[in-house]
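Undergrad: Take this structure, written in structure tokens, and hold onto it; I'll ask about it next.
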Amino acid sequence: MSHLTDAEDILPVEDDKHVLAEHHDNEVQDYIVKPGGVAAMSAEDRHTALRLARAADPGISMRDWRMAQWVFYITVVLMCGGDAGFDGTVMGAVNSMKQWQKYFGLTSASGSTGIVFGMYSVGQTLAFFPAAYLPDKIGRRWGMAIGNLTLILGALLTSQAHNFQMFIWGRMFTGLGCTLAASSAKSYMSEITPPHSRGRYMGLLNSFYYVGQLMASGISIPLGRKTSNWSWRGPLLLQAAPAVINFAFVMLLPESPRWLFINGRDEQAGRVLAKLHSRDNDVNSPMVLLQLGEFEENLVAGGADKRWWDFRALFKTRANRYRFGMCAIIAIWGAWAGNALISYFLPVLLEQAGINSPDRQRVLNFANSLTSFGGALAGTALTDYMGRRPLLLSGITSCMVGMALAAGLLSPAGAQTATRANAGITFIFLFMVGYSFGITPLQGLYVAENLSMENRAKGIALQTWLGAACNLINTFAIPSALKALRWKTYLIFFAVDFVGVIVIYLFAVETKRLSLEDLDHIFEAKNPKQESFALAKAARERYKREKEAEKLNGL
């Protein structure tokens, strides 16, 4: 099969709707990928087609008013990323407040505290079927809206709780709503963003977790100094803020073009793609027509995504099992790398390191959110440059090293000095920087990229459920482990991270610069990892050729 490495290799035609245009010497030449031809194209062919399409139509101009609309759309979706970050940090901060402990008769590392955190994971687990069914049945936007409405209900229950039972019911609804909204947002973001910049946007969605963290830890400092119960009620009520923003505006956003196409609304899908990806809002733009051609070839109306109860497609073929295996890696090590230990129980860890002031604990909690957000932004910026696999390996390796160093510095062996304790706390913070750099940007992106359209909503729901199950173990086991094992708890997570390094090295594939539909070539190969390496090498060589051509042409 010949590759479309040059414009001359694409045959010009006059009467087909699937047109690719390339600008050359101020003249526009029309080129074609014939209907049914997308399946016959290699990954290199598709990259060349995408390059030609981008040359003809580079997308919305920064001066176009539609760019302001685009920023608005993305901001509304990002609120779903802030939901989860707010919860993890606000409960860690509230857990350090004596007012909250006194009101419910708890301590910061008790079994009852595990129930409080665990009920959120129970809600995540219960979100499995709604997250698999609703986004496919009624659309991604409605999935976000219903999820955030449920989260708002949970925030109202916890912030106004008069007894422990009311509080944990609120925690369950919070977990249920947050998970449904996040699952729908991941599908939506991956399906509305242009192929060449999808990595950055998906990384930003997950990195917005730390915006929620910053909000939660920031407001907990001044409110935590109050003596009234509003010291803890206030932060829990404000947890609804990102959800309120998303719920208020999400229906103003266009629906996912892939969802529209699979539900028989082809023309509307084309109009949405033109609005979001075309410089001139042109439904005949080569960028629009190329994506519609891929939809036509790869999306199957009446497939498993139309049968909400049918999860067999996720495991039916070897390729699909490998795809979900990549999702399982993100779910397991996204929960068990040691991040839950820091997110929920940082005040307890600080107390064990000798910092007993709740106010200082909350200030350090805010500092941790700030440094973690910096790491997440750096990882997001490098996602499309480093690649997914190197980023993931760097993240899990830094987590392993961070857990080992923290365990050594906070152990009782040797002289116990303030310098040593501070060094231990520093490595706890550096652990979160490494985690947020290498793992956080990929938690939404890598999962969405590895799943086909037919299985995306169900796959994300199942992956989220698996992560929730891991977190359920975390939230019930960590309080007891901290109480009984103290510094040795870090060694447990070190061992888990060590296994993670091996698994990721042996099996993780590279998905950088591939369209969501192109990944079939990787997973249907005999060795998906090696196939992804071959495609990555071809992409590097293609990029080098393009740069050399630009130099020769004086560009």
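Glycine residues also receive a Cβ, built from the backbone N, Cα and C atoms like all the rest.
No curator has checked TrEMBL annotations; they are predicted automatically.
These figures come from a predicted structure and were not determined experimentally.
The domain 'Major facilitator superfamily (MFS) profile' annotation in TrEMBL covers 73-512. Residues annotated as transmembrane segment in TrEMBL: 70-94, 114-135, 142-162, 168-189, 201-224, 236-253, 324-346, 390-411, 423-448, 460-478, 490-509.
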Undergrad: Looking at the transmembrane segment (390-411) and the transmembrane segment (490-509), are there 3+ C-beta pairs under 8 A, with each pair at least 6 apart in sequence?
TA: yes
Undergrad: Among 168-189, 236-253, 423-448, which stretch has the highest count of C-beta pairs below 8 Å with the transmembrane segment (324-346)?
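TA: Answer, by Cβ pair count: 423-448.
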Undergrad: Using Cβ distances below 8 Å and needing 3 or more such pairs, separated by at least 6 in sequence, tell me whether the transmembrane segment (460-478) contacts the transmembrane segment (201-224).
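TA: Answer no: the transmembrane segment (460-478) and the transmembrane segment (201-224) share fewer than 3 Cβ pairs below 8 Å.
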Undergrad: Between 168-189, 201-224, 423-448, who has the most Cβ pairs under 8 Å to the transmembrane segment (70-94)?
TA: 201-224
Undergrad: Ranking 201-224, 236-253, 423-448 by the number of C-beta pairs under 8 Å to the transmembrane segment (142-162), which range is first?
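TA: The listed stretch sharing the most Cβ pairs with the transmembrane segment (142-162) is 236-253.
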Undergrad: What parts of the chain pack near the transmembrane segment (236-253), using Cβ distances under 8 Å and only residues at least 6 beyond its ends?
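TA: Distal contacts: 72-73, 76-77, 79-80, 82-83, 86-87, 90, 94, 141, 144-145, 148-149, 151-152, 155-156, 158-160, 174, 177, 181, 212, 215-216, 219.
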Undergrad: Determine which residues of the chain contact the transmembrane segment (490-509) at the Cβ level, with the cut-off under 8 Å and only residues 6 or more beyond its ends counted.
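TA: Same-chain residues near the transmembrane segment (490-509) but 6 or more away: 325-326, 329, 332-333, 336-338, 341, 388-389, 392-393, 396-397, 399-400, 403-404, 406-407, 410, 450, 481, 522-523, 528-529, 531-532.
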Undergrad: Can you tell me the mean pLDDT for the domain 'Major facilitator superfamily (MFS) profile' (73-512)?
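TA: A mean pLDDT of 85 is what the predicted model shows over the domain 'Major facilitator superfamily (MFS) profile' (73-512).
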